[in-house]
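I have placed the structure first, in the form of structure tokens, so that the comments after it can refer back to it.
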Amino acid sequence: MKHIALLLSLLFATSAQARDLTIFAAASLKEPLDQLLQTQPGVTATYGGSGTLARQVMAGAPADLVFLAHPDWMQAMDKAGVLTPGTVTDLLGNQIVIVAPAGTPDLALTPDAFAAALGPDGRLAIGLTASVPAGIYGAESLTALGLWDTVKDHLAEVDSVRAALALTARGEAPLALVYRTDARVEPAVTIVATLPEDSHTPILYQAATVGPANPETTALLDLLKSPAGQAAFEQAGFIPLASH
């Protein structure tokens, strides 16, 4: 990561950044993006659920670049006219998994197995299924796998995938539906099941600049899609998608 950070620092130094910049980014991007931004003075990130962030940008929140986990929210912002035309860029993919407290054995993707794991009062922590991308993808998958009827009355819907992860890490929910990259950064949980990729819409992280085009935001987007930037996210477990 240190080698990659140096390359990114040299890359971004070629853009004469004249002002502070703010990225609105999906919560699941926090660790690798924070690492990258350590080499970028004047660039800060605000993290949250993609739906919440998109609504804030459409309401006028001061973001220079958005980096979200579901194309529907990028399309909504593009339609609202808040994005720089032609800048929406496919950057990353991911996987959806089920996590449980560390040491829990693997979980079969069957109604009986989920019913036993949840018991009468246990909760499946999940991002809001109407707006948080992990929740949207997760609901699609659970439905396709025939598990929705088993879990629908046991959901603990929260405002970001990291909030879902935290519930299981603290022992407040026996199961959580999160991204594989989230599970990698939380030692208190273990992956007990991976949801098949063909059971949900492909997971797609996209980025775009906000407002009129300018050299500073263009350079920041170029950094994220550069080979060094993509490698940094790949080290964190993401699937790089940007073409070079």
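Placement of Cβ uses the backbone N, Cα and C atoms for every residue, glycine included.
In TrEMBL, annotation is done automatically, which means it is predicted and not curated.
Under the heading molybdate binding site, TrEMBL lists Ser28, Ser50, Ala134, Val161, Tyr179. Within 10 Å of the C-beta of Ser50 (molybdate binding site) there are 31 other C-beta atoms, taking all protein chains into account.
Per TrEMBL, signal peptide is recorded for 1-18.
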Neighbouring C-beta atoms (10 Å sphere around the C-beta of Val161 (molybdate binding site)): 32
Output field, molybdate shell: CB within 8 Å of site CB centroid, site Ser28, Ser50, Ala134, Val161, Tyr179 dropped: Ala26, Ala27, Gly49, Ala69, Asn94, Gly127, Val132, Pro133, Ser160, Arg162, Val178, Asp182
